[in-house]
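What follows is a single structure, written as structure tokens, with notes after it.
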Amino acid sequence: MKIKNNIALIGFMGAGKSSVSKLLSERLGKTLVSTDACIETREGLSIISIFKEKGEDYFRQMESRVLEDLCRQSGQIIDCGGGIVMRPPNLSLMRLNCLVIYLESRPEDLEARLKNHTNRPLYNAERLDKMLKLLESRLPLYRAAANITISTHNKSCHEVCEEIEDKLREYENTSG
């Protein structure tokens with residue numbers, strides 16, 4: 001079995017999905033798409049505004065529709081929103097149509113990356129204990145969805161991409 005043509009990066013907000021997916025798309029010659037950017041384009045609103053004006057349930061429905069559309073295409077690096085794993089159909093869709101890579105980050109690393117960001121809808125008003133509970137609730141879902149897990153602890157974006165490329169080669173050799 002060859003590697004699926006789409007690669008989906010999943011992980012908690014602040015794990016580095018956007019930075020890694022950008023570099024990885026350049027290195028692998030694949031098109032970069034972001035579920036959040038697609039939603040913002042379709043809605044004409046920022047993610048923060050969608051959460052405020054229409055609620056998280058509406059956002060998650062849009063996220064599922066965008067993922068369905070993206071999975072009909074090929075040759076992409078899909079930068080997934082941190083909560084995409086919250087809906088079971090998304091997990092099935094990703095596993096069927098993508099090689100799913102989970103960027104695993106330690107809570108203290110996430111906190112350090114997120115504390116200066118105000119554009120995180122589920123973080124900006126939340127305290128660390130709430131973030132930890134949210135992360136804890138998603139961990140089993142990230143792990144269940146992932147074909148490959150990469151720790152981002154103490155690694156640069158380039159190091160994470162190199163490790164992903166190594167894992168992709170290993171995955172292709174063991175799967176094919």
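Yeah, the Cβs are placed from backbone N, Cα and C, and that goes for glycine too.
Taken from Swiss-Prot, the feature ATP binding site applies to GLY14, ALA15, GLY16, LYS17, SER18, SER19, ARG120, supported by sequence analysis. Feature annotation from Swiss-Prot assigns Mg(2+) binding site to SER18. Marked as substrate binding site by Swiss-Prot on the basis of sequence analysis: ASP36, ARG60, GLY82, ARG138.
Features as recorded by Swiss-Prot, highlighted on the structure.
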residue: ALA15; record: ATP binding site; Cβ contacts under 8 Å, 6 or more apart: GLY82, LEU103, GLU104, SER105, LEU110, THR152
residue: GLY16; record: ATP binding site; Cβ contacts under 8 Å, 6 or more apart: LEU103, SER105, ARG113, THR152, CYS157, VAL160
residue: LYS17; record: ATP binding site; Cβ contacts under 8 Å, 6 or more apart: LEU9, ILE10, GLY11, ASP79, CYS80, GLY82, LEU103
residue: SER18; record: ATP binding site; Cβ contacts under 8 Å, 6 or more apart: SER34, ASP79
residue: SER19; record: ATP binding site; Cβ contacts under 8 Å, 6 or more apart: CYS157
residue: ASP36; record: substrate binding site; Cβ contacts under 8 Å, 6 or more apart: ILE47, ASP79, GLY81
residue: ARG60; record: substrate binding site; Cβ contacts under 8 Å, 6 or more apart: GLY83, MET86, ARG87
residue: ARG138; record: substrate binding site; Cβ contacts under 8 Å, 6 or more apart: PHE12, GLY82, GLY83, VAL85, MET86
- Item | Coarse DSSP state, helix versus strand versus coil, of GLY16 (ATP binding site) | coil
- Message: Please give the substrate site's span as the largest CA-CA distance among ASP36, ARG60, GLY82, ARG138, to the nearest whole angstrom.
- Response: 18
